[in-house]
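Annotated features in TrEMBL:
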type	residues	note
DOMAIN	6-139	domain 'EamA'
DOMAIN	150-282	domain 'EamA'
TRANSMEM	7-25	transmembrane segment
TRANSMEM	37-54	transmembrane segment
TRANSMEM	74-94	transmembrane segment
TRANSMEM	100-119	transmembrane segment
TRANSMEM	126-142	transmembrane segment
TRANSMEM	148-165	transmembrane segment
TRANSMEM	177-196	transmembrane segment
TRANSMEM	208-228	transmembrane segment
TRANSMEM	235-256	transmembrane segment
TRANSMEM	268-286	transmembrane segment
Amino acid sequence: MSEKNLGLIYALCAFLFWGLTPMYYKQITMVPPFEILAHRVVFSVIVLIFLLFISKQFNTLKPIFKSLSKMRYLIFASILISINWFTFIYSISVNKIVEASLGYFITPLVTVALGFLIFQERVNKAQAVAIVLAIIAVIYQLVTLGTIPLIALTLAFSFGFYGMVRKKVDISSIPGLFIETIVILPVALIYLNFLVQNEQSVFNSLNSYDMAMLSLSGLVTVVPLLWFNAAATRMSLTALGFIQYLGPTVAFLVAVFVYDEALSTDKLITFMFIWIALLIFSFDGLKKRRA
């Protein structure tokens, strides 16, 4: 098998896994979102320590900890990814997977918009049209449904800012994610201890199956990231850019056809604005790379 085809398999596995992730979190909805997040941090640290050990990357951590500028960025990244993780978990607990998928659909557009607003990066006509269509979609939902898609916007902006911050730090994914989770680990442990001390911990009352499911949150976090990294080193960014929409597409289908989440005509029109914007955005990227 060629490296390119192997990369495609890794990419499909990663984005399909991410798209099906809501089905995993649906299995542990008896646990409050904040407690799930705390356990996710703890179990992710355990998995990442194991991966750092077998990949012999522990020696890469010391220079990072010594760099004040890198640590500042990673602390900020830790806060952003924690907000993103919590919002996603919360969206599943309140049956708003459709809105969560909307957030990940618009993330690439938000990233471009942030680059323009914060770093004065140039935006071409196609990108500008795509961004305007995304804004129209949000305004349309506000006018027709009387609500702002806060979950979608929080997911998109937290991940958009996270991506921008991580680009400022030249660190590979495993050491980077390890430091990000280590930063938030004390908060997670203090919170879990508080729950135990006040007899509010749901984890202690779970049966063995549910406890095992919650314990898998570390693997659920790290495994698709490893697949994504393996794909990124074997295939073009253009191809990877198109495949990235598989994740929110699968999540959208799971929400509608597995969990019967309501999809009104107005919501569907909102998505159509976003999908048209993404088509313009994606084909513009393909055109530029071919040029």
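Just so you know, glycine gets a Cβ as well, placed from its N, Cα and C.
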**Long-range neighbours of the transmembrane segment (268-286), counting only residues six or more past its ends (CB under 8 A)** = 102, 105-106, 108-109, 112, 124, 126-127, 129-131, 133-134, 136-138, 140-141, 144, 149, 238, 241-242, 245, 252
**Asked** Looking only at the domain 'EamA' (150-282), what is the mean pLDDT?
**Response** 90
**Request:** Please check if the transmembrane segment (37-54) comes into contact with the transmembrane segment (208-228), where contact means 3 or more CB pairs closer than 8 Å and the residues in each pair are separated by 6 or more positions.
**Result:** yes
**Request:** With a Cβ cut-off under 8 Å, give me the same-chain residues at least six positions beyond the ends of the transmembrane segment (208-228) that come close to it.
**Result:** 10-11, 13-15, 17-18, 21, 24, 27-28, 30-31, 36, 39-40, 42-48, 51, 173-174, 177
**Message:** Summarise the domain 'EamA' (150-282) as counts of helix, strand and coil residues per DSSP.
**Reply:** 108 helix, 0 strand, 25 coil
**Request:** With DSSP as the reference, give the number of residues of the domain 'EamA' (6-139) in helix, strand and coil.
**Result:** 116 helix, 0 strand, 18 coil
